[in-house]
Amino acid sequence: MYASIIDSIGNTPLVKIQTINPVPGVTILAKLEYMNPGGSIKDRAALYMISQAEADGELTPEKTVIEATSGNTGIGLAMICAVKGYKLALAMAESASEERKKILKARGARIILTPRHLGSDGAIEEAYRLAREYPDKYFLTDQYNNEANWKAHYHTTGPEIMAQTNGQIDAVVATVGTSGTLMGLARYFKDQNHRARVICAEPYLGHGIQGLKNMKESYTPEIFDKTLLGEIVHIDDETAFETARQLAAKEGLFVGMSSGAAMAVALDQAKRLQNGVIVVIFPDSGERYLSTELFSVKKNIHLTVYNSLGGKKEPLNPQGDKEFGVYTCGPTVHRRLDITHFRRHAFTDLLIRYLEYQNVKVRHIVNITDYDDKTIEGARQAKTTPQAFTQPFIDAFLADLSRLGMRPAQAYPRVSEHFTEMTDLTRKLLVNNHAYEKLHSVYFDLASFADYGRLSRVDVNKIRVGATVDLDEYEKNNPKDFTLLKRVTLSELKQGLGVKTEWGNVRPSLHLQCAALASTFLGADFDIHTGSRELMFPHHENEIAIARAAGGSFARVWMHCHPVQYDGSLDTDDPRSLTLDRLVDMGWDEKTIRFWLLSAHYRKSLLLSRKSLDDAQTVLSRINRCIESLGHVSGQSNEEDIQQITYDLRQGMMDAMASDLKIPVLVSGLLSGVKRINRLVVDGQIGPGGAERLLNCFKDVDVVLNIFDFSTKVGYSSEVSALMAERDAARQQKDFKTADRIREQLDEMGILVHDQKV
């Protein structure tokens, strides 16, 4: 029996990691610090700091204990202060989890919230200010500078690990916040003359792992001594989060973000160690992160887009487990498409590539209008059938998409092959009293659809007669109604064109075509409809009216790109002559043209000019030269800088894309990274191993952009090549002692070796 709850702090269990450990020769043991009564490892430091202050006479009954904490230290202090009868005030960033705030309030703590953007630094500043200005009122535990913090682990955590493993331990992995755990363990094992290396799992600059600190972006705790550590390994947010999810799903260990970070580093260390024992510290449980997205059952996509339908930005998340449906207005194939038509396809391709980067399965549909006024007239002038007339333009369109690096859609349905679906949809509208037949044509009754104009914000009562299509050629009940099926002309009838229906020989309008094709291939309810802004009214507005009047909800998100403006600088006054072939003949390759198509934010106009294409070429060449230079490095890698650059490049891409596909911001981040890489290359601080990691990072970003040139491979010096060959030979001969020695030598040279089974 314990005299009080605080007597049960410590002596937490070690549990063997069974399922997610990929290295049979390495035993990974997790120390479950969430088994402490306050739910985290911070109970240890909180008790030591309060006890030390009492012993020194600094903490007296009339004083309020104050601390800057992101939560766990505060929870430990709240528990101890409640038992000992002290008042407690805690400064923390607004971003702290709701669970932590509730626990603290329940235990009587007063919470002082500081601005989210200041992070833990803002909380530290406020706690220091209050303690400095009111010394008789507050006692500052000062966990970042208080030696009692690390001594808690020197006297308890370290000895526990030593006893639980019988001294058979090669490495301990812990995350860094105040650094108390790391410093206490490092000092303990050093004083014991033990071989165990203490490994620090540190988040990158700009991270989102609650409770952890990057030592460059925050105030460095004065108890932190980098020289005591065996190694510092940087870990990114998503790897930490996903590892925490894997621990819950496959090991039954429901732990928090920082535990996921520590485990990810431990797994990496296991691959390098091959044989031995690793202890990894799990600071707290996952229960304190339930208000975050860490354990969301429904996968949320890291993406917010501008939805034209509501006129605002909103998160884009999947509806259940079904694949994402995306529909794009395709071309009318009556001529070779000029380059301006490809902007809608380029921004849609960017969107889809990013969705797939987020592990979202996408079904993309692009219609091809091969049957309308323009294609029929073109076929008549060419004295051939519409099918024969349009086929070369369809082939050219698909070839141009491929040359521009567009991901192929799942289907490119042609209007001419889906007349049945269009007439069936018309019949449904007639049954629902949203359409009427008059003089062998069928029209949509605009007055029957009260929600018309929601997309374009057009007031149906103020629509100018003539603003919709084909008003002069047909008789309607209301001149504002739009055509669904139009009666064929005599010349079309003579050519055998049109569809024979109960209303006569007709052909479908563009609005009916798209509504029918989208619903046929994606269902009555799908996710995203993309297109050009000039199609918003009346075309997209009419699509919505047709689909919803038929009983579906149609696309829930509408994304529109702004038009391309031409300045006349490319040796022609007519942009319609500026095909992909012509631009290539003028000296710009396909990747440059793709980059130009993506270079402006999709909701801004894009300028087609000689200068804008040259600018795109200059920027892309600068990035590609950096990539090319990584194939010829021979220096010693500055691992800390390289790790931070790779994180910044990946996270910069994610953040820019997540904020409504902000390509200009992404490119700015890329150029900043290129500048940093070039400086390291010049200073000889990138070796082949570091170069390979940077190249892999660029390739990762290029999964979304698809614009870089990776034709140059990383080259290794003759010395490195000889060592790698010698090591391979040793492994084949089962001489693993020699192989391990060479591996360590290569590791010192910045070359990381990943083995396959011999």
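Yeah, the Cβs are placed from backbone N, Cα and C, and that goes for glycine too.
The secondary structure of G177 (pyridoxal 5'-phosphate binding site), as reduced to three states from DSSP, is coil rather than helix or strand. Under the heading pyridoxal 5'-phosphate binding site, TrEMBL lists N72, G177, T178, S179, G180, T181, S258.
The domain 'Tryptophan synthase beta chain-like PALP' annotation in TrEMBL covers 7-284.
Here TrEMBL flags 318-617 as domain 'tRNA synthetases class I catalytic'.
Summarising the annotation, TrEMBL assigns domain 'Cysteinyl-tRNA ligase anticodon binding' to 716-757.
Within 10 Å of the C-beta of K42 (N6-(pyridoxal phosphate)lysine) there are 31 other C-beta atoms, taking all protein chains into account. Under the three-state DSSP scheme, K42 (N6-(pyridoxal phosphate)lysine) falls in the helix class. According to TrEMBL, the N6-(pyridoxal phosphate)lysine annotation covers K42.
Looking at the domain 'tRNA synthetases class I catalytic' (318-617) alone, the prediction's average pLDDT is 93.
Just so you know, the Cβ of S179 (pyridoxal 5'-phosphate binding site) picks up 28 other Cβ atoms within 10 Å once every protein chain is counted. Between the CA atoms of G177 (pyridoxal 5'-phosphate binding site) and K42 (N6-(pyridoxal phosphate)lysine) there is a gap of 11 Å. Take the mean position of the Cβ atoms of N72, G177, T178, S179, G180, T181, S258, the recorded pyridoxal 5'-phosphate site; other residues of that chain with a Cβ within 8 Å of it are I41, K42, A45, T73, A174, T175, V176, L182, G211, L212, P283.
A distance of 9 Å separates the Cα atom of T181 (pyridoxal 5'-phosphate binding site) from that of K42 (N6-(pyridoxal phosphate)lysine). Residue with the densest Cβ environment among the binding-site residues T178, T181: T181, by other Cβ atoms within 10 Å.
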